[in-house]
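These come from Swiss-Prot:
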type     : residues : note
COMPBIAS : 76-100   : compositional bias 'Low complexity'
COMPBIAS : 199-210  : compositional bias 'Acidic residues'
MOD_RES  : 166      : phosphothreonine
MOD_RES  : 193      : phosphoserine
MOD_RES  : 199      : phosphothreonine
MOD_RES  : 220      : phosphoserine
REGION   : 58-113   : region 'Disordered'
REGION   : 144-211  : region 'Disordered'
REGION   : 253-377  : region 'Mediates transcriptional activity'
């Protein structure tokens, strides 16, 4: 068995050696099919390949040369473009047709405007007729327009405008410019009747000396007013609250801490607050207490800013002083009510002007003006 295998192996080796030294023979065929091929060593291999490519291109219409793809496009001619544009563009209307359309539209607008005006005039006429009918019906009822009651804008031709009231000795004013103080209730008590009012010339003379206007008293019929000429009495009324004098021992530290140093610290409360005699504001801060037994009501209550700016005093010192009297009891109060009772005009916010002239409070500034006025008089 082994000998047989050795023989077969030797035979295979011999056959391989014979094939290695076999001579290559070129074979040429006359067919032009795709299965025919030439040996690579033959001289006619390149020629047969070129012939094959040429024959393939002749038989196949889809054969393309190697290289980039080239596409041929056909552009339309200029004449065709113009023709297409003329077809796409709408036909232009003629001038005559355009004028006709404009004239028709104008005539339609004019007709609409005329119709609107006619309707408006008709509506106005109907509304006026209805209003006149309603007015005639209302006037037929008795007692509707009695007295001064009348419809607004409804005035007869015979009615005249109300005349202005004129007083004897007083020049009428048609210009809204007003240099003199208006006649108030408190001023009428001081000046008396309306016939005693000063004329414009006298008022102009007073305005020339406006520097001492704050300390000068108002004129009466016979001259300047005296202290005995004040019409309003300084007695307490029936509705005046009783005056309570608080001793110094009742003043607590909490009340002293509750004293306001400026107006921004004030808290307004109309039910629990107390009223300041100077500014008339009802706030919750601590006020002064007058120790004068003849004082009445809340006349001796002053807040911190008013007492400092108007009289140069402090609320704390006033509360701790058992003999402190309020400015009205001392006769130096410069509030608007007390000055009007004395026949003088109100000062307004005078603290800034007083500080501008070098004074610390309004009372010192008014006192200096009064001294200058008395020296000149």
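Placed from the backbone N, Cα and C atoms, the Cβ positions cover glycine too.
DSSP assignment over the region 'Mediates transcriptional activity' (253-377) gives 53 helix, 5 strand, 67 coil. In the predicted model, residues of the region 'Mediates transcriptional activity' (253-377) average a pLDDT of 92.
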